[in-house]
Each structure stands twice: as C-alpha cells, then as structure tokens.
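Here's the structure, in structure tokens; my notes come after.
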Amino acid sequence: MMAVLTAGSLWAAAPAAAHATVVASTPADGARLDASPAVLSFDLNEPVSLVDGSTQLIDVDGTHYPLAGQRLEGGRQRIVLQPAETLPDGAYLATARVVSADTHVVSLSIRFTVGSVTEQGHWTDVVGQSAVDRVVLLPIKILVYLGTVASAGLLLASRWSWPETVGTPRFRTVYRAGAGLLIAGLLGRFTVLVAEQAGGVAAVSWSAITTIARTPFGIALAMAAALSMATFLRPPARRRDAEVIGLSQAAAAIVAVTLGGHGGSTNLWPLPFVATLLHVYGVAVWLGGVTVIALVHKAVPHLARWHRVVVGHLVLAVGAGLVLAVLQVRPFAALFSTSYGITLLAKAGLVAAAIGAGYAAFRALRAHPRHRTRAVIVETTLALLIVGVTSSLSSLTPARESYTTNIATRLDFGGSDTLDVNIDTVRRGAQVVTVRRPDPGSADVEVGVEFSSAQANVARLPVELVQDRSPDGAVVWRSDGLIVPASGRWKVTVRFDNGRGPRLASFLYEVL
C-alpha cells in the first residue's frame with residue numbers, strides 16, 4: 001500500500017516542467033542579415049540569471065568579437081547583447097548560459113549570417129559544459145532528499161500517527177541525523193549554484209553569491225538551512241515552542257525542495273509549484289513514516305491510524321504526481337526513447353518491488369506489531385534506492401524536452417516519379433532534410449524544397465540543397481544549413497521537375 005505512493009512519485013521525480021527556453025530572438029535563429037546588427041537579444045519563457053562571463057560572439061573561424069554590454073531586461077526574461085564593433089560579412093554564433101528558475105543551467109544560442117555570406121557556419125561544443133559535474137551534484141541531491149525525509153518527514157509522520165514519539169531519545173537521534181544531512185545538502189546545492197553562476201569554482205565572486213541568494217530558491221534554501229540548524233541544536237519536542245520551530249523547519253524544507261525542482265518553473269505557474277509542493281509533502285510523510293517504523297519505534301502502535309494517514313497522503317501524492325507527469329512526459333513514445341524515460345522505467349522496477357514489500361510489511365505488522373520483519377527491511381532498502389534513482393532522474397533533461405524522432409514520407413508525383421523525404425529530427429533548430437529519388441535514372445531533374453508555417457509566422461523558408469548520388473546509384477539531395485526557427489506545425493513543399501513541367505507535393509509535421 002505504502003509503496004504505491006512511490007509509484008506516484010515515479011512520474012513526478014524530474015526537473016522542472018520546462019527549463020528556460022528561447023521563445024524569440026533578434027535576429028531569429030538562422031536569419032540572413034544585410035548589415036551588422038546593433039543588438040542581439042534572447043526572449044525567454046521565464047526569468048533567469050545570466051552566468052558570469054558566459055556570453056560570446058564568434059564567427060565560423062573561431063574569432064571572438066567583443067561585446068560592449070550585456071544585460072537582463074523585461075523582468076529578467078530578455079538577454080540583450082551589444083556588439084562592440086560592426087561585424088564584417090560572415091557567419092556568426094551568439095551564445096549565453098543562464099541559471100533558470102528551476103535552478104538548472106541552460107545554454108542558449110543564435111546563428112545568423114551578415115552580408116554576402118549566406119551559408120550558416122558549423123560549431124561544436126562552443127557553449128561550454130556545466131561548471132560542476134553531475135557526479136558532484138548527484139550525492140548532494142541525495143543528501144537533500146534523505147535529510148528532508150529524516151527531519152521534516154519524520155516529524156510530520158509522527159505528528160499524524162505517533163505524537164507520543166516526538167521528543168523521545170530515538171526520535172531526537174534520528175531527527176538530528178536528518179537535519180545534519182539536510183544542512184550539508186542545502187549548503188552543497190548553494191555552492192554548486194554559485195559556481196555555476198560564476199562560470200566555475202575558481203571564478204566565484206560576491207556578485208555570484210548575492211545573485212543566487214536573491215532568487216526564490218536561494219531565499220527558501222537559506223530559511224530551510226537556518227531552521228534546520230536551529231532544530232539540529234534543539235530537536236522538536238512536545239512543547240509548544242519547540243513544536244512550532246520544528247513544523248516551520250518542515251515547511252521550509254519542503255518549499256526549498258519544491259523550488260529546487262519542478263516547482264521552480266514559472267511556466268504555467270502556479271500549477272508546477274502547487275503540484276510539486278503537494279507531491280513532496282505526501283512523499284515526505286510516507287517515507288518519514290517508514291523511517292519511524294524502521295528506526296524509532298520498537299513496536300508499531302496505532303497501525304490503523306497510520307494506515308488511514310498513508311492512504312490519504314497516497315491520494316494526494318499520486319494526484320499531484322499525475323499532474324506533473326502530464327507536464328513532463330509527452331509524447332508517450334518519449335517514455336521509451338529518451339534517457340529520462342528509460343531511467344523512469346528502471347525506477348518502475350524498483351517501485352514494483354516496493355509494492356510487494358510494502359504490502360507484506362503491512363500485513364506482518366498488523367499481526368505482530370512488535371516484530372520486525374524482513375519485509376520492513378526490504379521496503380526501507382527499496383525506499384533508499386528509489387531516492388537515489390530519483391536524484392539521478394532529477395538531473396536528466398525532461399522527456400518532453402529531449403524527445404525527438406525523424407520524419408520519413410514518400411511523395412508521389414504520378415507515374416514512376418516518387419521522392420523519399422526524410423527529416424532527421426523534429427526539434428526546432430538545425431535540421432537536415434534528405435530527398436532521395438529511388439529510381440537511379442537520369443539526374444537531370446530539378447528538386448526544390450521550402451518550409452512555411454502559419455503558427456510560426458513564416459510565409460516562406462527556402463532550403464538550399466546539395467545534389468549527390470548514393471552508393472546504390474539513387475539521386476540524393478541534402479539540405480545545407482537549414483534552421484527551423486520556431487516550434488509549431490510546419491508545411492514542407494517539394495517541387496519536382498523532370499523536364500515535363502514542375503509538380504508540387506507537400507506534407508505537414510510538428511516541430512517541438
């Protein structure tokens with residue numbers, strides 16, 4: 001029964017419903033400009049903090065061009081870069097790195113050309129990597145989650161089902177351990193964010209510290225850390241003042257975890273915040289109850305009361321988890337073809353095992369409340385494993401942001417004249433269109449491709465094609481430098497002319 005709650009958490013353990021993304025830019029990604037732009041700008045879907053020293057403007061040869069200024073505008077949802085000099089004709093890439101509202105570091109870029117140069121350049125890994133390796137971040141997140149369960153969750157579960165436990169020696173020992181883990185984890189998260197903001201540990205500055213400290217997550221983190229220190233020194237007891245401080249710490253810890261994950265996103269706010277807050281609260285109470293049973297109570301009294309409490313929190317956590325799942329995993333195929341989805345499925349195996357262990361533990365404790373069973377040990381072990389997998393999952397890009405697939409279709413122009421069209425990805429940005437003529441006959445045909453989208457307000461986007469032959473003799477045309485600048489429904493129109501007059505065929509596809 002209790003393990004079913006974890007099944008709800010399965011769908012919600014991930015990063016924010018959406019990282020910061022570019023909704024518009026000046027110039028548009030892939031634009032061809034007649035003259036050097038006076039400013040470059042990124043319009044984002046949520047407020048961000050600009051990583052110090054991350055902005056750069058380079059050409060296709062790797063030459064860096066200086067920027068006269070960089071700033072945030074529009075409620076920190078627009079990044080403005082000002083080139084220090086007029087750009088000569090060429091292909092350029094403008095990049096920046098930001099810390100999004102959900103505390104993730106996101107790389108942004110705009111590709112454009114100036115003057116007579118019309119071919120977009122090709123760049124690799126120019127936006128840089130995260131300043132802090134994921135191997136460092138993973139154990140820090142585990143500390144935060146375990147600390148929240150063993151302090152806030154322990155207190156809340158005890159208050160709901162075993163109030164006489166609060167303040168006992170075993171309770172104080174376990175609670176202090178949890179508060180200590182939480183303090184260490186929160187300070188670690190803050191250090192990581194500051195290092196990311198500064199662009200590296202060696203570049204940490206007072207400006208980077210204050211920038212992170214002023215964010216909603218920074219404020220919540222500071223409050224949770226301060227209250228955790230207070231309760232570490234003076235654990236909750238059955239006195240009014242100590243209980244108030246303990247409940248305040250629980251609330252602050254849950255809010256900090258919420259803002260450090262899904263709930264930090266301003267996209268569709270306040271839905272992600274409310275759903276994540278309720279989910280974290282429900283899971284904290286469940287795992288806190290498991291901690292009480294495993295480490296605090298020699299016997300397990302009031303089992304019927306705990307049964308009612310955990311069922312109520314089960315409904316709450318699963319409902320909130322399903323809301324977050326809708327925001328995180330789409331389309332459904334992303335569950336089976338992304339790192340996020342595969343990790344989610346791996347966690348499902350642990351959840352299935354926990355369901356069996358939880359049910360066995362409940363039945364055994366109902367029959368023998370004073371007897372520790374192997375099922376309790378197994379359930380506790382599985383809970384720890386689930387926390388670990390959740391920490392890993394929360395560092396992966398959400399499935400809805402990483403999912404892609406190719407588009408493949410055959411266009412029939414009548415008779416034996418057919419063309420196979422393939423688009424390598426449905427993600428916005430750089431795409432490669434391949435047009436193949438199955439009949440290895442004469443190459444004396446003309447093929448043209450252009451894109452259009454009413455939703456993206458693009459009337460005509462011509463595609464440059466390079467003709468070649470495949471090893472089997474088929475004629476192949478491949479796009480060169482195609483950039484699809486916006487999400488939405490796009491129409492692909494193919495023009496075919498083999499000397500008997502041009503013929504047109506088209507199809508639609510969705511760009512994510």
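Backbone N, Cα and C atoms are what each Cβ position is placed from, and that goes for glycine too.
Automatic, uncurated: that is what TrEMBL annotation is.
Since this is a predicted model, take the numbers as computed values, not measurements.
Under the heading signal peptide, TrEMBL lists 1-20.
Positions annotated as domain 'CopC' by TrEMBL: 19-114.
Marked as transmembrane segment by TrEMBL: 142-162 (among others).
Annotated transmembrane segment per TrEMBL: 174-195 (among others), in sequence order.
For 215-232 (among others), the entry in TrEMBL reads transmembrane segment. Here the transmembrane segment (215-232) has long-range neighbours at 49, 99, 101, 103, 147, 151, 175-176, 179-180, 182-183, 186-187, 189-190, 193, 245-246, 248-249, 252-253, 255-256, 258-260, 264, meaning same-chain residues at least 6 beyond its ends whose C-beta is under 8 angstroms from one of its own.
The annotation transmembrane segment is assigned in TrEMBL to 244-261 (among others). A Cβ distance under 8 Å defines the sequence-distant neighbours of the transmembrane segment (244-261), meaning residues of its chain 6+ beyond its ends; these are 14-16, 102-103, 144-145, 147-148, 151-153, 155-156, 159, 166, 179, 182, 186, 189, 216-217, 220-221, 223-224, 227-228, 230-231, 234-236, 273, 276-277, 280-281, 284, 394.
Taken from TrEMBL, the feature transmembrane segment applies to 273-297 (among others).
According to TrEMBL, the domain 'Copper resistance protein D' annotation covers 303-393.
The transmembrane segment annotation in TrEMBL covers 309-328 (among others).
Annotation comment: TrEMBL describes 340-362 (among others) as transmembrane segment.
As annotated by TrEMBL, transmembrane segment applies to 374-393 (among others). Through the fold, the transmembrane segment (374-393) approaches residues 2-3, 6, 9, 13-14, 138-139, 141-142, 145-146, 149, 287, 290-291, 293-294, 340, 343-344, 346-347, 350-351, 353-354, 357-358, 360-361, 364-365 of its own chain, all at least 6 residues removed from its boundaries and within a Cβ separation under 8 Å.
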Q. In the domain 'CopC' (19-114), how many residues does DSSP put in helix, strand and coil?
A. 0 helix, 54 strand, 42 coil
Q. With DSSP, how much of the domain 'Copper resistance protein D' (303-393) is helix, how much strand and how much coil, in residues?
A. 79 helix, 0 strand, 12 coil
Q: Could you tell me the mean pLDDT over the domain 'CopC' (19-114), as a whole number?
A: 86
